[in-house]
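Feature annotations, courtesy of Swiss-Prot:
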type: ACT_SITE; residues: THR44; note: active site, charge relay system
type: ACT_SITE; residues: HIS47; note: active site, charge relay system
type: BINDING; residues: CYS42, HIS67, GLU68; note: Zn(2+) 1 binding site
type: BINDING; residues: CYS97, CYS100, CYS103, CYS111; note: Zn(2+) 2 binding site
type: BINDING; residues: ILE180, ASP200, ARG205, LEU267, SER268, LEU269, ILE292, THR293; note: NAD(+) binding site
Amino acid sequence: MGGKMKAIVKNENAFGATLKEIPIPSINENEVLIKVQAASICGTDVHIYNWDQWAQKRIKTPQVFGHEFSGIVAETGKHVTNVKTGDYVSAETHFVCGTCVPCLTGKHHVCTHTKILGVDTAGSFAEYVKVPARNVWKNPADMDPAVASVQEPLGNAVHTVLESSQLAGGSAAIIGCGPIGLMAVAVAKAAGASRIAAIDKNDYRLALAKKLGATITISADKEDPLEVIDTLTGGEGIDLVCEMSGHPAAIAQGLKMAANGGRFHMLSLPERPVTVDLTNDVVFKGLTVQGITGRKMFETWRQVSHLLESGLVDLTPVITHQLPLEDFEKGFDLMRKGQCGKVILIP
């Protein structure tokens, strides 16, 4: 295709990013070039923007980042048959090898050689982005581009919540009400949970959790989550605890509040080792602890589509800000302060 485009680039090994003009990516015979309509800011992007310890170890500058997006196919490689120019799409952002043991046994989401869009390859905070054709997901023509751009993080929430087979009529606790935690509240409601506790220190996000279906919100700064959960459940504990915060104290509390025989699903990424009481909080309780990474390909995407198209999940309350790409610094400031749900950048 050729030409130039605007993109947000992590240009230096320091805080912040730069809006630059760079070449439009060229594609190979199995790739697709997409004109980005909407790109949402993820917690991973904030790590990169802040240049924290994780980013310093993981990111090689210069790097175009961003990975949650929707757009229109602008060009296809000569071997691509599953999509065509003009198709309205989003994409699975974990690029897998297809040849390792996990891939060959259907566990693509834990591929040994995963590469991530906007982390290992040029990302979607740009006017154009390229992805492998096999990663492209076609969107309904009437889906709002902002909503279409957040299907990937909704997939994280869906994977976290729906791994439990015992949620209908049961109880769920969502610890950490960032955007994916908020989505998990909505998914738990759609899955039939009768009691949903949302736990955070941010009153703004707890209010959003209430709108999305939380039956009780717990401000961890103002009350003891374990005491509230004990009262709420009559001492029985929570059937499914979803840990989205990554804070060591919250992780330990989450294990304690889980019911005997319950489940503890962890999507969060603690920045340091966590000390927990495995004997009493896991072994003697018969607790199932499961790490969650990415989305099952493409089972989770089908679940996401069903939840959105059926109206069982409405992400309108989660999408709180839409800004032009040029105002990315304002978007990152909102994310860093926690005074937002999902922030969408429009190229």
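Keep in mind that glycine also has a Cβ here, set from the backbone N, Cα and C atoms.
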Binding-site residues clustered about THR44 (active site, charge relay system) [Cα within 10 Å; pool: HIS67, CYS97, LEU267]: HIS67
Nearest of the recorded positions (CYS42, HIS47, GLU68, CYS97) to LEU269 (NAD(+) binding site) - Cα to Cα: HIS47
Neighbourhood of THR293 (NAD(+) binding site), C-beta criterion under 8 angstroms, separation at least six: HIS109, VAL110, LEU267
Inter-residue Cα distance where the pair is CYS100 (Zn(2+) 2 binding site) and HIS47 (active site, charge relay system), in Å: 29
Number of other Cβ atoms within 10 Å of the Cβ of ILE180 (NAD(+) binding site) across all protein chains: 25
Of CYS97, CYS103, CYS111, ILE180, ARG205, ILE292, i.e. the binding-site residues, those within 10 Å of CYS42 (Zn(2+) 1 binding site) when Cα atoms are compared: ILE180
Those residues of the chain, 6+ apart, with a Cβ under 8 Å from that of CYS103 (Zn(2+) 2 binding site): VAL96, CYS97, CYS111, THR112
CB within-chain contacts under 8 A for HIS67 (Zn(2+) 1 binding site), separation at least 6: CYS42, THR44, ASP45, THR93, ILE116, LEU117, GLY118, VAL119, GLY123, SER124, GLU152
Spatial neighbours of GLU68 (Zn(2+) 1 binding site) that are distant in sequence (at least 6 apart) but have CB under 8 A: ALA39, SER40, ILE41, CYS42, THR93, SER124, SER149, VAL150, GLU152, PRO153
Secondary structure at HIS47 (active site, charge relay system), reduced by DSSP to three states: helix
